[in-house]
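**Q** Please read through the structure below; I'll follow up with questions.
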């Protein structure tokens with residue numbers, strides 16, 4: 001065991017955390033990583049960091065932060081909402097002056113482009129209570145990022161990476177995979193965290209595409225997938241009635257029978273449907 005591993009074992013030990021550190025705040029979705037092997041695996045998935053600025057969300061006591069800094073990024077910016085935890089980063093700030101900074105802020109309300117320069121990689125153990133909202137926020141400006149290596153609740157990771165004809169496939173799957181190449185890398189058991197959550201976690205890698213996989217008006221697509229997945233057990237000819245009075249025409253032009261359910265459609269088929277709805281709205285079909 002080298003010195004760094006020894007320090008990690010002492011600092012991020014469940015018993016020591018219970019005795020000496022602040023009680024995690026459930027309201028902030030705090031679950032701290034206990035395993036140095038896991039932090040190593042997460043950071044390794046992000047690839048070389050030497051020429052990249054890195055953003056970390058919810059650094060907690062700095063387990064993942066320390067591993068990121070070992071890989072010598074151009075700079076590291078951590079965003080932490082908990083003021084009490086920000087104070088625990090004084091030593092890291094002193095050790096990595098000019099390279100590391102931490103901001104007390106709500107990650108949902110920051111504008112990354114104003115805080116850090118490209119190229120940017122995100123590496124984060126996301127707070128459970130904001131993970132989906134934060135990921136959707138990033139999808140809205142996805143081209144700003146080179147890559148994202150993210151830990152989610154397993155159920156959220158399953159929704160993001162789900163394929164057609166599965167129970168987890170939905171709006172989050174369609175939108176994410178339209179804009180990015182996404183891969184689920186590995187699952188993590190509750191015992192690897194303090195406090196121990198009741199659910200498993202998963203790490204995914206997200207690589208933004210230069211352009212979406214298919215040409216589509218994103219606003220129309222989002223309205224479409226929200227409408228049809230809100231009634232996911234209904235056939236398309238019925239669920240489409242919520243967004244157009246010409247469902248049969250839209251289905252015919254998209255070469256669909258209307259008997260399909262939302263979970264049966266590929267991303268390409270959703271984009272084709274959305275484009276036909278858009279044409280109707282613009283009166284281009286007649």
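Every residue gets a Cβ built from N, Cα and C, even glycine.
Dumping what Swiss-Prot says about this protein:
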BINDING   31, 33, 58, 80, 106, 125  S-adenosyl-L-methionine binding site
**Q** Please determine which of the binding-site residues listed here (31, 58, 80, 106, 125) has the lowest count of neighbouring CB atoms within 10 Å.
**A** 106
**Q** If you run the three-state DSSP split on residue 106 (S-adenosyl-L-methionine binding site), which class comes out?
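**A** DSSP call for residue 106 (S-adenosyl-L-methionine binding site): coil, neither helix nor strand.
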**Q** Could you say whether, by DSSP, residue 31 (S-adenosyl-L-methionine binding site) belongs to a helix, a strand or a coil region?
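**A** DSSP call for residue 31 (S-adenosyl-L-methionine binding site): coil, neither helix nor strand.
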**Q** Tell me, how many other CB atoms lie within 10 A of the CB of residue 33 (S-adenosyl-L-methionine binding site), whichever protein chain they belong to?
**A** 23
**Q** In three-state terms from DSSP, label residue 58 (S-adenosyl-L-methionine binding site) for me.
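**A** Looking at the DSSP assignment, residue 58 (S-adenosyl-L-methionine binding site) belongs to neither helix nor strand, so coil.
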